[in-house]
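Just below is one structure, and these are the notes that go with it.
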Amino acid sequence: MLDLNFVVQNLPSVIAKLEKRQQNFAYLNKLPLLAQQRKSLLLEIQDLRSQKNQSAKKVAQKANAKEDITLVLQDTNFLRDDLQKLEQKLKLKEQEIFDILSITPNLPHDSLPIGTNDKDNKELYCAGQIRTFAFTPKDHVYLAEKLDILDFKRASKISGSGFVVCKGLGARLERALIQFMMDLHNKKGYQEIIPPYIINEKSMFATGQLPKFEDEVYKLYNSKNNWYLNPTAEVPTINLHREEIFKPDTLPIKYVAYTTAFRQEAGSAGKDTRGIFRQHQFNKVELIQFCHPQNSYECLDQMLKDSEEVLKLLKLPYRVVLLSTGDLGFSMAKTYDLEVFLPSYNCYREIGSISNSCDFQARRANIKMKNPANNKNEYVHILNGSGLAVGRTVIAILENYQNQDGTITVPEVLQPYLGTDIIK
């Protein structure tokens, strides 16, 4: 969430920067008047409280002196009623301001290319060698069904479309990747956690999923607690420290979390709905960092390298792109996408994102640090990154490591986890 005072004091530049997202933010022009009305109400309330306190003292003094308190008590009651009315007005005014700020996205970083969608993202560099096949490569669905390691038909019988049953070496490959990723990031100083998969409304708001993306997540409607299914480990992991204040010498705090994620994926169509590229339920390894504001972009660059290491060790060809302003996530100031080359698409496809939300999520979650320079509490910066999406990594391995006979060579780094060098 953006800071109200900052938005009001810098309104033209804030709107100009936000409109690089190719959206209309004219509604923010309401904020200066709302902020002024709020300020006036606060002053009136402060004055009335002072009058009410003075009146209460007079009541006490007259009562102690055994004088008639009828008129003074009547004045006190009038002041109390007026105060309650003003406090209700203030509550409504603050809710109006809150509603505006809660749907307003983060300010994009100045380094981002200006654009309308992912077509305007900027390729930064490529890594790894794209394989030249001596045969026509198959897509992961064909390969997996021939090997009987992914079962879409039975998953559909259980749950409907957008689900899969991993079986045999398919299940073992998924598990091996999770273990490999968790081990790798753990060695790099990320503390391993397994958070809850059922999440409350406050947690979903804190990371920016609500209210904007209500239609993209799963809500447990029989719950009295406004519970949601985990859409990404980013949500529960960040909320570990909601309403907390860090000591500065503890930063950065780094977590790696493995969870199953659940998303509606509304509006998905075309080739992406074939196979496991876009699922309602999928496994993901997520990286989270709570950083000092002064070095959060250095931490972001290091997190990118940490995510890249997974692809490098798996020897998968990939590229890094910088997201344009039009493709940038709601809560993020800057995002790098990792895209792996998929032979069936003959192009690079997203396998992970690494982002800096600056203090946007920290403000919503009220996560701060004590600044020793001035002894004041300041919002930390929060980073999140994929480390990686497990299902899409399975796709990349099946397609890039396929053999002409339909078998799959297991990447060398996974062989100790899987206990074999070939899937057949």
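Glycine residues also receive a Cβ, built from the backbone N, Cα and C atoms like all the rest.
What Swiss-Prot says about this one:
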type: BINDING; residues: Thr232, Ala233, Glu234, Glu286, Ser386; note: L-serine binding site
type: BINDING; residues: Arg263, Gln264, Glu265, Glu350, Ile351, Gly352, Ser353; note: ATP binding site
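A map of Swiss-Prot features onto the structure.
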residue : record                : DSSP class
Thr232  : L-serine binding site : coil
Arg263  : ATP binding site      : coil
Glu286  : L-serine binding site : strand
Glu350  : ATP binding site      : strand
Ser386  : L-serine binding site : strand
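Using Cα positions, the member of the binding-site residues Ala233, Glu234, Glu286 nearest to Gly352 (ATP binding site) is identified as Glu286. Sequence-distant contacts of Ala233 (L-serine binding site), defined by Cβ-Cβ distance under 8 angstroms and a gap of at least six in the same chain, are Pro195, Ala257, Tyr258, Thr259, Ala261, Lys284, Val285, Glu286, Ile288.
Taking the binding-site residues Thr232, Ser353, Ser386 in turn and counting surrounding C-beta atoms within 10 angstroms, the largest count is reached at Ser386.
Around Glu350 (ATP binding site), the same-chain residues at least 6 positions away in sequence with a Cβ under 8 Å from its Cβ are Asp337, Leu338, Glu339, Arg392. By neighbour count, meaning other C-beta atoms within 10 Å, the densest spot among the binding-site residues Glu234, Glu265 is Glu234. Neighbours of Arg263 (ATP binding site) among the binding-site residues Thr232, Glu234, Ser386, defined as a Cα within 10 Å of its Cα, are Thr232. Taking the C-alpha positions, the distance from Thr232 (L-serine binding site) to Gln264 (ATP binding site) comes to 12 Å. Within 10 Å of the C-beta atom of Gly352 (ATP binding site) sit 26 other C-beta atoms, taking all shown protein chains into account.
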